[in-house]
Amino acid sequence: MGFVKGSSKACLFIGFLFILNCGFCVFAQENGNEERKVYIVYLGERQHDDPEVVAESHQRMLESVFESVEDARESIIYNYHHGFSGFAATLTDSQAKQLSDRPDVLTVQSNREVHLQSTRVNDYLGLSPSLPKGLLHESNMGSDIVIGFIDSGVWPESQAYNDEGLGPIPKHWKGECVAGQDFDPAKHCNKKLIGAKYFTDGWKERFPGSEIGENEYMSPRGWIGHGTSVSSIAASSFVPNVSYGGLAPGVMRGGAPKARIAMYKVVWAKAPLDSTSVANVVKAFDEAMKDGVDVLSISLGTPINPIRPFNSIGEDLEISSFYAVVKKGIPVIAGACNTGPDAYTVGNLAPWLLTVAATSLDRAFYVDMTLGNNITIMGQSQYIDWDMSGAVISATSYAKGLILARSSDFQNDYESDLPIVYVDYEVGYKLLHYIRSSSSPTVTISKGKTLVGRPLSTQVCGFSSRGPNSVSPAILKPDIAAPGKLILSALSQNFPTAFPGFGISSGTSLSTPVVAGLVVLLKAIHPDWSPAALKSAIMTTAWKTDPYGEPIFSEGSPRKLAGPFDFGAGLVNAERAKDPGLVYDMNLDDYIHYFCASGYNDTSITILTGKPTQCSSPLPSILDVNYPAITIPDLEEEVTVTRTVSNVGPVDSVYKAVVEAPKGVKVAVEPETLVFDSNTKKLGFKVRVSSSHKSNTGFIFGSFTWSDGTRNVTIPLSVRTRVLKP
């Protein structure tokens, strides 16, 4: 149904349609078949501390497949020699094959494009600076932490980057701002924006016929608003009197308002999609590790490869993020992707990544529609230029606007800069009845308004990609959820949807920096915690309801209660995460366990980790990876799962096991009580799981908790029964 405007009046047409907004969708495309193309060669752990020596070794390796030293030198695009060893170079397929056959090469990957996956949020999550105490104050709002973004650049004039009240730049920071087109480090960097680099990958030579957009800048300045958006969500300074055309008014601030920002621009405006290449992203990781970032937020990804071997090493961004997390201790937070709500669509699956799903929050934008019979009804709309009084309403045609009736299952999906008002079917039928019963039906539509508070239910967004994990089914993905729907953030002032310099967007791109901001705060008060410990703290303390205690639903048709494959461990709970009590920690040996259990060969694991490895026979169980979730994809007979927890709470603590077993599943814990003291800081336990089901089931869910009476350390329990054939 829809809207028509004549010379002086508008006609309204109502249509019953389903619309699912996919936010910033993520795709991967192979480069064209050229004689030479970009390959990324991963060599694993560095064999020398001097980056120049490492780079020379790359040159010698290339000389072995080129006819001259000069040709080998000219083929190199990037040397990766800070966090790990590797390089990007232009090679023929046969040269790439020669290199991949070498025993000292971990893997050779063809270059691919990677695409982008965007304030009420922090108050909704309980992070309020007005409270006299809490995580924000205890962490000094992240002042000594540097958060890096691998994204589309920054708009440095944005007030999100004002450095008022900030102290000196942290002493551990070794990075810099790099000059370029319309970007002067002396002018555009400060004590807030302390790092800015850009990576082009020799664009014109590598992507002939695919030009960088005419509005783009050959510098850290980003015409695309995405990088400015995500960095402002995680770490914007306080910016008063912000709104999007009157919607979402208030003070904008990031989750960690005093954290320092470093931007690594890898995404460029180009036709047909804004994108980057893996080579650029890997180089950005390498530079970030050298520069001294403390946390990395990555709102990038590629879709799931359905033919990817289960035990393949080197899928896209996994290797570089592995070195950041496991070798350098840098937490990497990534989006779950925007290809939901179908199952098995979640991306960024590596167990060392903190993978974030997207939910709505308790804020909506609406308009009042007053009909000619003086009845006023409410509809949802993000459009900011409504100026319609006494417009003729019709059920047969449109031009000026649209009232769209659709299922209430999608009540939080109404992002659009077009003149559209969304209503549910019940309201739609009332409008249709009014149109048919009136000889001259009219409607007056008000300016947009903002509604905040409890009546609005929280849902996992329809676009947010869902589990299970398609590569390692026993590793839960996504890990956690955070608001990613209709989020207000800073944008490039020249970006088309900015108003002015601010916008409202949706996607897991935006839920990712919400969690990244929280990780900054946690790292500030727990600097000695590993990325795995920080991840465990966030997962084991998550809400299973919204902050008001109301259930969280999974948006889709039909709507259902959200579960672990929708929101991971649940909705992030900032204040509880600072004091989790126990953590499921992981170190290099735990990740080697994961590699062995997944079937990776000894040589690959040794090259990747730098630790000589010989997997046991039989191989260890992937169910025993010390992950803060238990996922059993094929329960045939009784299985025993092992886990280890470390005490990060009071020294003398006693925890008792509390099990909420999935229906028809028996769960027993040994021991049932864990006792910690000054000599006992880490304890292991076993969980025996069996099923009474007589037929195959889909996944059924429960939970397992260690409780000391104050702290509840809860992990999801997901089980799928497979009945053995007689």
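Don't overthink the numbers, they just go from 1 along the chain as shown.
Backbone N, Cα and C define each Cβ position, glycine as well.
Per TrEMBL, the features are:
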- 1-28: signal peptide (SIGNAL)
- 38-117: domain 'Inhibitor I9' (DOMAIN)
- 142-546: domain 'Peptidase S8/S53' (DOMAIN)
- Asp151: active site, charge relay system (ACT_SITE)
- His226: active site, charge relay system (ACT_SITE)
- Ser509: active site, charge relay system (ACT_SITE)
- 624-719: domain 'Subtilisin-like protease fibronectin type-III' (DOMAIN)
Expressed in Å to no decimal places, the gap between the Cα atoms of Asp151 (active site, charge relay system) and His226 (active site, charge relay system) is 7
The predicted model's mean pLDDT over the domain 'Subtilisin-like protease fibronectin type-III' (624-719) is 95
Rounding to whole Å, the Cα atoms of Ser509 (active site, charge relay system) and His226 (active site, charge relay system) are apart by 9
Reduced to three DSSP states, the domain 'Inhibitor I9' (38-117) has 28 helix, 28 strand, 24 coil
DSSP assigns the residues of the domain 'Subtilisin-like protease fibronectin type-III' (624-719) as 1 helix, 62 strand, 33 coil
